[in-house]
Amino acid sequence: MGNIMDGKSVEELSSTECHQWYKKFMTECPSGQLTLYEFRQFFGLKNLSPWASQYVEQMFETFDFNKDGYIDFMEYVAALSLVLKGKVEQKLRWYFKLYDVDGNGCIDRDELLTIIRAIRAINPCSDSTMTAEEFTDTVFSKIDVNGDGELSLEEFMEGVQKDQMLLDTLTRSLDLTRIVRRLQNGEQDEEGASGRETEAAEADG
């Protein structure tokens with residue numbers, strides 16, 4: 001699938017943006033390498049359901065472009081640049097990668113249903129006019145052109161862009177505004193943090 005940024009790089013960001021993001025990144029992650037645990041802690045993603053935890057792990061993996069188990073500064077900037085400045089096509093490619101849990105280049109019903117359930121568990125404000133099962137059925141009935149029960153990247157890209165309802169729903173359900181706001185403002189979830197961290201550690205153990 002190639003680079004999901006499609007050529008977008010740090011050079012396209014202003015020096016001010018890069019400096020601010022670097023300062024925040026190094027403040028939160030002095031080692032220069034963000035682990036999955038730190039990723040979850042920074043965004044206040046604690047005490048998650050199994051579905052929500054899987055979604056967070058999958059999101060982390062899609063931002064870990066070189067697959068070394070860490071998010072470094074370049075990957076961090078690429079991820080933020082995608083969210084803040086990415087075009088529809090670039091975001092759809094990222095959505096596809098997020099849904100393609102096993103990384104085989106196709107999305108099957110179980111993968112889509114799992115991520116939709118996870119998104120709703122972590123973001124209750126997302127669109128809920130349909131159940132996760134109904135939304136999954138709708139997606140496949142509309143854009144699984146060859147009817148093989150799997151969505152290729154081409155089917156996903158073309159189908160979603162042709163259907164405004166699907167595009168709007170996906171955009172709302174994968175709204176990363178909260179995460180971006182935390183990164184931009186350097187906000188920390190201080191209230192009750194120590195107690196939740198203890199609970200999270202116990203849950204992870």
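Placement of Cβ uses the backbone N, Cα and C atoms for every residue, glycine included.
What Swiss-Prot says about this protein:
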- ASP64, ASN66, ASP68, TYR70, GLU75: Ca(2+) 1 binding site (BINDING)
- ASP100, ASP102, ASN104, CYS106, GLU111: Ca(2+) 2 binding site (BINDING)
- ASP144, ASN146, ASP148, GLU150, GLU155: Ca(2+) 3 binding site (BINDING)
- 14-49: domain 'EF-hand 1' (DOMAIN)
- 87-122: domain 'EF-hand 3' (DOMAIN)
- 185-205: region 'Disordered' (REGION)
Task: In the chain carrying GLU75 (Ca(2+) 1 binding site), residues 6 or more apart in sequence that have Cβ under 8 angstroms from it - done: PHE63, ASP64, PHE65, ASN66
- [ ] Please work out which residue of ASP68, TYR70 has the most C-beta neighbours within 10 angstroms of its C-beta, and give that one of the binding-site residues.
- [x] TYR70
Open item on the list: To the nearest Å, how far is the Cα of ASP148 (Ca(2+) 3 binding site) from the Cα of ASP68 (Ca(2+) 1 binding site)?
Closed with: 33
Task: For the Ca(2+) 1 site built from ASP64, ASN66, ASP68, TYR70, GLU75, further residues of that chain with CB within 8 A of the site's CB center - done: GLN33, PHE63, PHE65, LYS67, GLY69, ILE71, ASP72
Open item on the list: Measuring Cα to Cα, how far is GLU111 (Ca(2+) 2 binding site) from GLU150 (Ca(2+) 3 binding site) in Å?
Closed with: 10
- [ ] Ten-angstrom check, please: count other Cβ atoms within 10 Å of the Cβ of GLU150 (Ca(2+) 3 binding site), all chains counted.
- [x] 18
TODO: Take the C-alpha atoms of ASP144 (Ca(2+) 3 binding site) and ASP102 (Ca(2+) 2 binding site) and report the distance between them in angstrom, rounded.
DONE: 19
Task: Listed in sequence order, residues not in ASP144, ASN146, ASP148, GLU150, GLU155 with Cβ within 8 Å of the centre of the Ca(2+) 3 site Cβ atoms - done: CYS106, PHE140, VAL145, GLY147, GLY149, LEU151, SER152
Task: Spatially closest candidate among ASP68, TYR70, ASP100, ASP102, CYS106, the listed binding-site residues, to GLU155 (Ca(2+) 3 binding site) (Cα to Cα) - done: CYS106
- [ ] Compute the C-alpha separation of TYR70 (Ca(2+) 1 binding site) from ASN146 (Ca(2+) 3 binding site), stating it in Å without decimals.
- [x] 37
Task: Residue from ASP68, ASN146, GLU150 whose C-alpha is spatially nearest that of CYS106 (Ca(2+) 2 binding site), among the binding-site residues - done: GLU150
Open item on the list: I want the residues beyond ASP100, ASP102, ASN104, CYS106, GLU111 whose C-beta is within 8 angstroms of the mean position of the Ca(2+) 2 site's C-beta atoms, in chain order.
Closed with: TYR99, VAL101, GLY103, GLY105, ILE107, ASP108, GLU150
Task: Cα proximity to ASP102 (Ca(2+) 2 binding site), best match among binding-site residues ASP68, ASN146, GLU150 - done: GLU150
